[in-house]
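Taken from Swiss-Prot, the feature domain 'Lon N-terminal' applies to 19-366, supported by sequence analysis. Marked as region 'Disordered' by Swiss-Prot: 416-465. Annotation source Swiss-Prot lists compositional bias 'Low complexity' at 422-444. As annotated by Swiss-Prot, compositional bias 'Acidic residues' applies to 452-465. Marked as ATP binding site by Swiss-Prot on the basis of sequence analysis: GLY667, PRO668, PRO669, GLY670, THR671, GLY672, LYS673, THR674. Annotation comment: Swiss-Prot describes 924-1163 as domain 'Lon proteolytic'. Annotated active site per Swiss-Prot: SER1032, LYS1075, in sequence order, evidence recorded as sequence analysis.
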Amino acid sequence: MARYKNPKSPAKLKQQIVLPTCKLDSNLVLLPGIIYNVTFSRFKAAALLYRYKDLVSQVSIINNLLNEYEFNPSKDSDSVEEDDMVTSPITISKVAVEGIEQFFKYEAAFKNSQGLVSEKDIAEVAPSNEFDWLTLAIKPNLEKIKEPSNAQIDPTEHNSVVTIARIVGIVDDTTNIKLTLQAITRGLKIAPKKKTRPNEQLLEVDWSSDIPELRRHFKSLKDSSLDLFKVIDKFIVDYRQALSINSANGNKSNLQITKPGSRYKGANGSSQKPGDLLTLNPLANALYLQLAGSKDFSKAFLSLQKLYGQFASDENLKVDTKSYLRLLDLTCGILPFPNHEKLKLLHKISIDDRGNELINMINQLIKIFDTLDGNNSFVNHWFYNEATNIQKANVVANQLKSIRLLLEGMTNKTRPISNRGNIKSFNNSENGNNNKTNGSGITSRRPKSNEDGGEVYDEEDDDEEDDELRAITNFIKYKLPNITTLSPDSKRLIIKDFKRIRASSQSPGGGGNSDFHVIRNYLEIVMDIPWDKYVTKFKSNKDIDLNFAKKQLDDDHYGLEHVKKRLIQYLVVLKLLGINAEKQISDFRKENQVPSPSSSGSNLATQNSLVPASSIVIANNDETSFAHKQAQNKVKTSIKESNIENQTNQSIQVTKYNKSPIIMLAGPPGTGKTSLAKSIASSLGRNFQRISLGGVKDESEIRGHRRTYVGAMPGLIIQALRKSRSMNPVILLDEIDKVIGGSSGVNKFNGDPSAALLEVLDPEQNTSFIDHYLGFPVDLSQVIFICTANEPHNLTRPLLDRLEMIEVSAYDYNEKLIIGRKYLLPRQVKRNGFPASDRIEEFVNIDDASMKKIIVDYTREAGVRNLERKLGTICRFKAVEYCEGLSGKSFYNPNVEEADLPKYLGIPYSSGDFSSIETTISNNSRVGIVNGLSYNSDGSGSVLVFETIGFDKRVGNPNSSNTGCSLVMTGRLGEVLMESGKIGLTFIKSLIYKNLIQAKEQPDDKYLIEKFNNLELNLHVPMGSISKDGPSAGITMATSFLSVILDKPVPADVAMTGEITLRGLVLPIGGVKEKMMGAHLNGNIRRMIVPRENRKDLIEEFSRSVEEAGDVVDSNLMNELLKDNEEADFKMDKVEKFYLKRYGIQIFYAREFYDVMKILWGEDDLLTKPKSNRILEYHL
């Protein structure tokens, strides 16, 4: 809606648009080119922003503010008066939306030009930012702007121009709303041909700026402004000098009186000037406070001086019309001109008139400073040279008397009784009937009734209370009654504390007592908790996008399909509950004929006649009485509807019945547990908070301290809710196994924090979690708690029982290769300063051989933390080479080959792993040398060699008696591991004494018994500085003992793990996958012996590996594998072939120790007695 007024002249471009309007409550005059911070009441800011709600729906701070109020706009918007639009706002019209779009186009063209805009410069540009839509016309409040004679501004002369501004910032200080307004240009009101809404105005915007004799105009403005700057600088210097003189003289007395015309000597003998009365001049004080009393003004004034200084220092600097127009408004807006003068300049549409008016204002201000200087010189001369001491004393006394009267007038100033009565009665009509109202009858979400047993505080505001107390009052009056998650008893306790703080503030001494500050801090914290606020990416649960959530999880993490599957199941349940709840609400409304929320608002205005006149008694005029009746009518109607809504809310609460999962991610460090929790929050669109529990040893850190203690604060859970600003965040309880307490046996003087977590992490109890500081239950059922632990079995049994544990196992070589190439390397390339690009190979290219060597030789871990650290090191080296290539010193090669790794990463680490294949000087003997498998504390697996050497006591000592076999074990072995060795030796002894085995070429039955009784065994496990423990090396040590006794070597390519019993049974162990990866990385292991009962673990890991590879596992195949596994001799070997192909290791299973002997030495007839088919009486 734009047109040219003068199509013959391209520079004369004018635009006619319709824009929303807003009248300020203060006397502020907005001049174009300046950014203003304007404070609005929360209600008026909400009413203003409500008009744009369809255009700024994604701005969270606006949505949060609008959620505090429920506006009921009238359908017949054209018939509503403008004042009613403030209390019953409606969204802006389509014409106003088009006006904002057209204004944005012309504004963009004006910014890109040198001040001359033509039709060809107008491009099709749409607002890109949601704040671009917050464009409005600001109308000055003429009632608040006074002339020097204390008369109001004539509205007929100064009501035709508005300031077109844009809201560029919003700050919520819990009491008021501060809007940052960027004043853009002027708009001239014109009479519309078609009727517009009362809060919208047809405006004419003049974008033309053709100024004849621009340089002459600018020279006049520059000269006048520079003269004013000199006068201002001189005044500030004189005033500060007067302050310093009076301050120095004030060391002896309040006012130094010297003899006329004399100069006096100071204490140090220096000559000083007499005092200066400039600081006693009210005009001087007012000017100084405006010029130097504000940092914001000082900063703006210096910027204005710099702008003029640029043109003053360079006469040849080109002055364009845009700079000239900007200087006009900036000069008037920054300098201390009164508001009525600024209003006159705002209404100067003609640029020539605007320039002349500003120069006249500047010259008038210069005269004021000159007059002030002359008057001050006269007074100083008379006071210090001609006045007698009595006259001086009278002057000082009159000054003090005037100050005292002024202070008394300020402190005793009260509102007229008639006005106070009107306001009080109107507030009572809004708030005195158990209903939250704002403005003129704007009702809240539900009435403030006490039908639910709660107590409602309903006392009028006190204008003289501080802002913090006023914010608490607004919370108690307006928000607390509508909080659905608080019980009536909890609300009653909060209101009781609020009444105590109000009584303390009104008692003698004010808020000086300790209880006042303690309760106020408590109420501020209660107010800061985000009650009934739920943040999510989706508008409702039925709109949950499962594909998006799955894609988000896949993009952030590779594999971990079992974790992702559990989260997708949770989202599916939420989606179904949302669909069911909506259907239940719809059916309920049809059965009970409940009107929809959109139609209920129109019924309120038709029932005014139903309210009896005697129900409200007000001793005020008819207009206030009518408003009172209207509010009372809305109260009764809303109470009637609330009875029906209480039943519909039961259907709405169906969604909340689904308890959020409480998950524990257990696994070694560096496997992505913490980052997975962040990804979960991102996929759900919820806020994320991390609580580190490592080293927490006080129960009060979880539950909070009681208010009786000094410095008491809520616990970590409530603090996380406050930081997240929602009641349904994703809270990560990191390192929950590091909590000090539980089974650790520490002193329980400060309580057990792990016991405090029992209530938090129990879905059946956390709906009413009580923090000691708050003292009332808080609903945590919608919070998703995700715990992480490295050693989950360190947790107490009750706490572990409450958690849904999901194991995040160690990554194998193939997974690390994919993770490093797809996730870690691109992230390190970006973090180390390389240009953004989709092809990272152009900057750092690591081939598979080099990546494998980094994984195997430079990192030995279960996770990928050290792998990312090594990739970061390589990227930093390549960044140096890339910069040298940019400077032309050398050619940049992005490739990283295996031979380059020592240059970047140094010498590969010594793995410490070796196997029995290593040769020794003892004829390369492998007797007694057996490869075991260990699960390390960092979550990785490795090969652990067990060495046993036997000595016959009879050699060199023929008289040695059969004292029995002795055993010495070294290598920093733990108690459980040493017991396993003793059990293994006892089992071997039982085989020998029962004659179940025989030595090769020694048919004598007593040979092995005599050898065993005269044998001295020494078992050692290398890497003696590392502690080792656990029962899984039972069959390994037993095999080592038997190898020495039979003098039979053990194959070097075999590794084994399993717990042994005294009967020779092989029991299952843990960490099979990690041990298999350790054997694979060793490089020398080709066969692996595991307990037969661990095959089901390998089947589960097989299924998980197939899913993470992107393939679909056939459910029939899994059923067949599990059914086949129940047989003693399984027939399906698909699992074993999978691991053979993936790791190059053939898996064997052992139910009893005889299976181990058979795998190692085969069907050796000399090994067992011919008559004995099995070595045990007990068979599985």
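Any Cβ shown, glycine's included, is placed from N, Cα and C.
Features per Swiss-Prot, on structure.
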| residue | record | Cβ neighbours (10 Å) |
| --- | --- | --- |
| GLY667 | ATP binding site | 22 |
| PRO668 | ATP binding site | 22 |
| PRO669 | ATP binding site | 16 |
| GLY670 | ATP binding site | 21 |
| THR671 | ATP binding site | 27 |
| GLY672 | ATP binding site | 24 |
| LYS673 | ATP binding site | 26 |
| THR674 | ATP binding site | 16 |
| SER1032 | active site | 29 |
| LYS1075 | active site | 28 |
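Note: the ATP site is recorded as GLY667, PRO668, PRO669, GLY670, THR671, GLY672, LYS673, THR674; in the same chain, LEU665, THR788, ASN790, VAL808, ALA862, GLY863, ARG865, GLY939 also have Cβ atoms within 8 Å of that site's Cβ centroid. Mean pLDDT for the domain 'Lon N-terminal' (19-366) in this predicted model: 78. In this structure, the CA atom of LYS1075 (active site) is 17 Å away from the CA atom of PRO669 (ATP binding site). For the pair THR671 (ATP binding site) and SER1032 (active site), the C-alpha distance works out to 24 angstrom.
Taking the C-alpha positions, the distance from PRO669 (ATP binding site) to SER1032 (active site) comes to 23 Å.
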